[in-house]
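Participant: The structure's right below; bear with me while I get my questions together.
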């Protein structure tokens, strides 16, 4: 085959190459030609443009086949050639196999063609395609053979030369006439007249009598486009494609003179009518009789239904085509003899436009040189793609690299090795049926010299029937080549029908041929030797002519197969060719094909009806063929008697070895139980029967997986298809195993493994699934028998018949039954299952040979399995280390994945978080009240081994919590799972302005609304905070840590810097950006410092900012009244709430905002902010003085008892310490600072009109609501500038930050 033939002849023959030759002997794209069948010719497939099959491309690519397109653009031709491995070369290149051009060729180009090169035009084809030349040729034939013999054109005149004759004829009949340019197409320049004065005589035109009685379908005029292929003019060989196009006008036909100018009524050209608003196009290629373009076969079927004689009509059409081409045969054949060096170099596809009148007489309108191959509708693609592919196959492209052609003489395929040693070549391998018994031999093509030298030698041996039709004695080598080429063309004709020469048409039209050469006569006498020697009665000849016409009519009327059907058939044939070869016996082989190609049957179950409809007409035509050729072909009994005795011996031997096959054949003769028929007759299967049928179907799939995993070599397309099938089985096992009541561990094969290994593993896993599935089916049957619920006898079919059907049914039959059962019962849950037990936790998937869990499996487990205490603890202990490296990433996940409704519950939020990190978090009770801190005391016993990593996870989860929660009411989710909050609108503690800011952010910036109040999740590692601190510690720890004078001096200096930045109009917008940066850095320091701190001393960061939690008495009720000292502290932290808001925003979006959010110009917030802008400038200095006085009062009179020290690097190297009081009520400071004028005693929170102004108000308002200890630390942190450090380290070196 071609893959082997491309190698040099000097290669040593090996068994691997012999197997390759044998395996590719029946390649779908190769047909062997020549005297000894040594020349490969490419076979084209129309469906290749859909499949892009590499198996089809490999031949063209191996031989470097090429083409060039000149002066035209045909996308269809380019697509078909490219799909078959051709590559396009430059129009000026001389290395090509095909030149497709849209115009006539120059003589010097024709003379340079080699025998392997082909062009799509003959010289002087304009003798047919120019209207004036066609008219002259027909007139000449009428003068020679009589007017009636060639009356195929309407009465025509060539103007202005015949203007007088036209006027004379018009005076006798004043009907309408049609004017056409002599060299135009697509209806350009065509118009109707009813007076000679309307004609312009400035250029040559053709005037023809208008056929005013056309055949109408639904009152619309139409014509027929026929595709005619001529492969040779000497001898003349004409083919007509079995399918064409019927093109309809868009306006109903009316003979009235008033509509003579309406081209949409009188012209049927597609180029004209597509511009009409009434043009209707059909988008379904299988519907051929709808719209303004039908298939010719659909038109003939319609006429046949109307009682018209379509057989006579198509016989007249063939007569018209043959006479038209014969009229130009002399001129074109003479030009070919003069300019074309090889008889097979040229071919031509003509487009015949034929109009049928009311008497079913066809009239020739015109012949098109290059018929349109545009595919504007699916019907065009189906017809034209099939026609072009069959045309290329008939023409016969020899598989030869065009760059290796010899320049001295015409050649057949030539290879370098053949030219070096043309006389030493191995023999071609024997036919496939002898491979098992005869030695294997290699195949190589002939070189040019070998092909010509062996033509006569090979032809002398071809004297039997089926070769060249008898003896070739007396024929020259050229005549033998021509005879063989014509026979081989007819063997691969596809959808083309040879209408000349045939035994009938030669007798009728042979005398019309004007090119007097011996080739036509030789061809006729050699092709139809039996017909020529038999001098039968005229009645027999007429009967034979009628039978041939009926056969052709049946072929014209049959529906053309669609490209999809062709693709499926070719794929099925490839599967049959890939199966192992068995001894010569048909019956067992067919049974084997059935089992081997069950996957193909599954895909074609729904399309069988379509194929049957399309094959009906083909069977009808085959019936005609059998009837008509019954007299000329031997009978079936004769063929059986003439079969070799070896076959019968092999059949007997095979039957002895395969008694099982014979038993199956005898069983098939018995009437089978048709379960499908029972179901269609309102029968139904029971649940147990449905599961049994489904289990049997799965067993068939398992057997197919195990059987096909043998040591065979399969193609890439087969591997891709099997990979897709295995992927379907894998997906089924993943989902169906979760529906089993019994746990089943599935070890699914990795895609990295080899294909056969994956099939083996998958078959094993499917077998395990079937075993568990059958056990559950048995349990279901036992339960029903115990309960005495006889559903099987009431609803199901007879059990014995059902078991018989199960034993004999194929995979396709079971699939059909299960599909019908599913459609009938509207569900497949009976045999697939719908749910799994909640206690099942052992169904897990592992990918053998792959790293990590399967993503789909993990997601399905996350969706289907609720977290439990054991699983949660295990996962958390395994995955907790990841929190230390991805704290901020998970903080973003919490924000972007949270629920859009407040207090929607942690479950809705945590479903979006990766289960490898947060699968342990469950719902918690969010009810307020002092009794809820009892859950905090349970945490140490639940997680005793996790004292560290407290604040990192806290930053992740607490960022979405409510900032106003009282420490005593914080709820920590535990692995055991706490009850869900009952009320979706429940509020905890007092609200601050943070809720309003978060609400505005969620509305204005389209951020997830998880930042609203009520989404509180805290880390479970802070259980030690619930314990009360020991009282009586020395208060001197605080005085040792802080130097009063240093703090006062530093605070005064930094307060001035803060005022310069915070109260200047230029830095008004960038304030929150600076605070967010400081907050993020401070949070990181808290995380690092907490790692070395005992669990009982670790802080809980308030959601409103990185403050420190004051340990108060757990039983103390909420303090809704704030002392004056607390209020004074809060007024100093007016910018802290904005910092918290931007912290929330930066974590939610992952981007630190460059400026604070500004409301739109039309909102009330903006108007209010503009009014307050001037007031802020006036109040800035007053607020600065108040801040200084407040800070001095704090450090002058503050005494903090029993303190716990905390160190924090805040911003640019700031280290501060704060004390947390515990075991007693917070101490208050005297009120020394006057609150801002805008502060009020009590105000309900609402969306702030301006952030800065409202933050100042909200800060003073919150002072009367929050706890005093809470307020002290908030005020302390808000008053400190990020550039300060205590002890005083005012350096801005980044090293301080990292320390």
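Cβ atoms here come from the backbone N, Cα and C positions, even for glycine.
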Participant: Can you tell which of 180, 258 Swiss-Prot lists as binding ATP with 186, 187, 208, 209, 210, 211, 221, 222, 223, 268, 269?
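Facilitator: That ATP site, as Swiss-Prot gives it, pairs 186, 187, 208, 209, 210, 211, 221, 222, 223, 268, 269 with 180.
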Participant: Among 247, 252, 343, which residue does Swiss-Prot name as a further L-glutamate binder in the site formed by 270, 271, 293, 384?
Facilitator: 247
Participant: Between the candidate ranges 782-832, 833-883, 986-1036, 1037-1087, where does Swiss-Prot place the region 'Disordered' annotation?
Facilitator: 833-883
Participant: Only counting partners 6 or more residues apart, tell me which same-chain residues put their Cβ under 8 Å from the Cβ of residue 271 (L-glutamate binding site).
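Facilitator: In sequence order, 186, 187, 188 meet the Cβ cut-off.
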Participant: By a simple count, how many Cβ atoms lie within 10 Å of the Cβ of residue 247 (L-glutamate binding site), its own Cβ left out?
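Facilitator: For residue 247 (L-glutamate binding site), the 10 Å Cβ neighbour count is 21.
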Participant: If one measures from the C-alpha of residue 384 (L-glutamate binding site) to the C-alpha of residue 368 (Mg(2+) 2 binding site), what distance in angstrom results, rounded to a whole number?
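Facilitator: Approximately 15 Å lies between the Cα of residue 384 (L-glutamate binding site) and that of residue 368 (Mg(2+) 2 binding site).
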Participant: Please report the Cα separation of residue 270 (L-glutamate binding site) and residue 368 (Mg(2+) 2 binding site) in Å, rounded to an integer.
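Facilitator: Answer for this pair: 14 Å between alpha carbons.
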Participant: Determine the C-alpha span of the L-glutamate site listed in the record, that is the greatest distance between any two of 247, 270, 271, 293, 384, in Å to the nearest whole number.
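Facilitator: Max span of the L-glutamate binding residues, Cα based, is 17 Å.
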Participant: Counting only other Cβ atoms and using a 10 Å cut-off, which of the binding-site residues 366, 368, 384 scores lowest?
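Facilitator: So among 366, 368, 384, the binding-site residues given, the one with the fewest Cβ atoms within 10 Å is 368.
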Participant: An 8 Å radius from the center of the 247, 270, 271, 293, 384 Cβ atoms defines the neighbourhood of the L-glutamate site; name the other residues of that chain inside it, in order.
Facilitator: 225, 245, 269, 274, 372, 376, 380
Participant: Over the span of the domain 'TTL' (62-407), how high is the average pLDDT in this prediction?
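Facilitator: A mean pLDDT of 93 is what the predicted model shows over the domain 'TTL' (62-407).
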Participant: Using Cβ atoms only, which residues of the same chain lie under 8 Å from residue 293 (L-glutamate binding site) while being at least 6 residues apart in sequence?
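Facilitator: Counting only residues 6 or more apart in sequence, the Cβ neighbours of residue 293 (L-glutamate binding site) under 8 Å are 245, 246, 247, 248, 270, 281, 282, 377, 379, 380.
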Participant: Look up residue 368 (Mg(2+) 2 binding site) in the DSSP assignment and reduce it to helix, strand or coil.
Facilitator: strand
